[in-house]
Each structure stands twice: as structure tokens, then as C-alpha cells.
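S.K.: Summarising the annotation, Swiss-Prot assigns active site, thioimide intermediate to Cys49. Per Swiss-Prot, the feature active site, proton donor maps to Asp56. The annotation substrate binding site is assigned in Swiss-Prot to Ile71, Glu72, Ser73, His90, Glu91 on the grounds of sequence analysis.
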Amino acid sequence: MTDLNVTQLGRVVDAPESPEAAVLERVPNPQSDVLYLARFVAPEFTSLCPVTGQPDFAHLVIDYAPGDWLIESKSLKLYLTSFRNHGSFHEDCTVKVARKIVEIAQPRWLRIGGYWYPRGGIPIDVFWQTGPAPEGLWVPDQGVAPYRGRG
């Protein structure tokens, strides 16, 4: 295997204390000449309410069309874990995750759906994307139904 210049893959690594301390890594995309979509799903994303300190939970769906770089998935897992003790509003967490991926991987296109579970009786869904999807890119539905209580 070639040297991928990563610091976490294949090693025992402690969970980062915060998103600022986390290291999100990239690896070369061997299919950089092909337009395709890659999807990461994090069904148990957690963060803290910045006011009450209570836990918040979300189902994140991250779709991106890689360019020259791929997001290394272990580093993404650790980056997402770093939010566990981080106080931030739902909207901020969702967009922060997406913008960090864009900064590191420089994809052709990215969108994120943050499907937050209710607190105070209100579910919050947050959506962000870098712009229109490239022509010819197959973009499937994110597959997360709107929240429905017992009603």
C-alpha cells in the first residue's frame, strides 16, 4: 500500500476533545476523473445544547462528489465524535461539519442533511449544499422520512 500520509488510519487514536482539536484527513481519489457520489451516514451523531448542556441527537447524511480527494472515513468518524461534548446549536453543527469537509477534500459538490431528533417537542432538519449538483450526477434521495410522532 502506498503512503497515504494519514495519521489516524491503522492506529489507536483517542477521541478528540473538540471539533477544533479533531484532524479530518483526506486521501487521493483514484477515480478522480469519474463523476460519482459518495455517501456517509451518521445515524447517532451527538452534540450538546450550548445553553442547557443537554445532549442533542441527529441522523446526518453527507453526500459528496469527490474531486482529487476522498475523506478518510476513520478521521471523519473521529471528527464527528468530537462534537459529543461540544456545545452548539443544530444549525451550526450541521453546517460546520459540511464546511470542514469542503475545506479539506475540496469536492466537486457536497450536500448535508442534519435530521435532528426533537427536544422541546420540535424536530429540526438542517440542509446545506455547496450549490447545484453537477450535471449528470446521480443524487439519490437521502432516505430519511420526516419526523412523525404518534399523531
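The chain as shown is numbered from 1 upward.
Using the three backbone atoms N, Cα and C, a Cβ is placed for every residue, glycine included.
A quick note: this is a predicted structure, and the numbers were derived from the prediction, not measured.
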S.K.: Using a Cβ-Cβ cut-off under 8 angstroms and a sequence gap of six or more, which residues of the chain neighbour Glu91 (substrate binding site)?
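M.R.: Counting only residues 6 or more apart in sequence, the Cβ neighbours of Glu91 (substrate binding site) under 8 Å are Ile124, Val126.
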S.K.: Compute all pairwise C-alpha distances among Ile71, Glu72, Ser73, His90, Glu91, the residues listed as binding substrate, and give the largest one in whole angstrom.
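M.R.: Looking at Ile71, Glu72, Ser73, His90, Glu91 as a set, their Cα atoms extend up to 24 Å apart.
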S.K.: Distance check, please: Cα of Glu72 (substrate binding site) against Cα of Asp56 (active site, proton donor), rounded to an integer number of angstrom.
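M.R.: So the alpha carbons of Glu72 (substrate binding site) and Asp56 (active site, proton donor) sit roughly 25 Å from each other.
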S.K.: By a 10 A CB contact count over all chains shown, which of the recorded positions listed here is most packed: Cys49, Ile71?
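M.R.: By the 10 Å Cβ neighbour count, Ile71 comes out on top.
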S.K.: What does the structure give for the C-alpha distance between Asp56 (active site, proton donor) and Ser73 (substrate binding site)? Integer Å is fine.
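M.R.: With the alpha carbons as reference points, the distance is 23 Å.
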S.K.: Specify the secondary structure state of Ile71 (substrate binding site) as given by DSSP, simplified to three classes.
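M.R.: Once the DSSP labels are grouped into three classes, Ile71 (substrate binding site) ends up as strand.
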